[in-house]
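Here is the structure we will look at, set down as structure tokens.
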Amino acid sequence: MAAAVVGVSLRRGVPARFLRAGLRPVRGLEAVHGICRGAQTAAAATSRIKKFSIYRWDPDKPGDKPRMQTYEVDLNKCGPMVLDALIKIKNELDSTLTFRRSCREGICGSCAMNIAGGNTLACTKKIDPDLSKTTKIYPLPHMYVVKDLVPDLSNFYAQYKSIEPYLKKKDESKQGKEQYLQSIEDRQKLDGLYECILCACCSTSCPSYWWNGDKYLGPAVLMQAYRWMIDSRDDYTEERLAQLQDPFSLYRCHTIMNCTRTCPKGLNPGKAIAEIKKMMATYKEKAAAA
């Protein structure tokens, strides 16, 4: 009865008027369905082969030299991100391929690498659908390589540790007894700074850091230094500035701005460094007048 009201038979979607008239169902509909199914099957069967040229080097192999190795991946059977392709290659094509990865959602920074000429996160970088182009993947530039796509971040983390990235209070009598509260306005000053995930994409895209990586702290670390300098709960702003007075730690920045262009979180390390330089000028004036 319900089918009659709607005017459509529940059997194969045939209009009810044909059934009431005693007419046979139109077989053309079945033919159309068959054609559609065939087209879908043919489309699925057509492979979309994408080539990935990946940096390889294994220090545990005597005489092994850095080289590029090409892998082919069917994009119809792969997720949309470069990290999906790397995982597929490791799981199905070459288990020796080595890279870092963890969260797969742009939060941890583990999968930072150089993809198609730019530093970014493999988990948030979409695969270029142009099958005629080979996607080239390298470890982060100008860093020692542990193996394949794994850079040695020891110096980077040592520099981060050197800025003492935590709250420092001159009066610690209330430590552990109550919260150090902030106003909404003071808290908002930290926006665009605290979101840094320390992936090192910005620092390793900076020519100044390539040239003076042992002395220049680099954009990532300097942005974090600024984050603690302007935190209203911190009492060591002047001491933090004094730590950066030498010619290299801060002043090797020449506002090339590669750092801001490449940041996968959309942050602006170059602006943070400029703000530190402004604070440094005021600090030096105070020190000279004292």
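All positions are counted from 1 along the displayed chain.
Using the three backbone atoms N, Cα and C, a Cβ is placed for every residue, glycine included.
For the [2Fe-2S] cluster site, Swiss-Prot gives Cys103, Cys108, Cys111; the one candidate out of Cys78, Cys123 that the record lists there too is Cys123. Considering only the binding-site residues Cys123, Cys196, the Cβ with the fewest other Cβ atoms within 10 Å is that of Cys196. Sorting the domain '2Fe-2S ferredoxin-type' (50-143) by DSSP state (H, G, I as helix; E, B as strand; all else coil) yields 15 helix, 29 strand, 50 coil.
When Cα-Cα distances from Cys196 ([4Fe-4S] cluster binding site) are compared across the binding-site residues Cys103, Cys108, Cys123, Trp211, the shortest belongs to Cys108.
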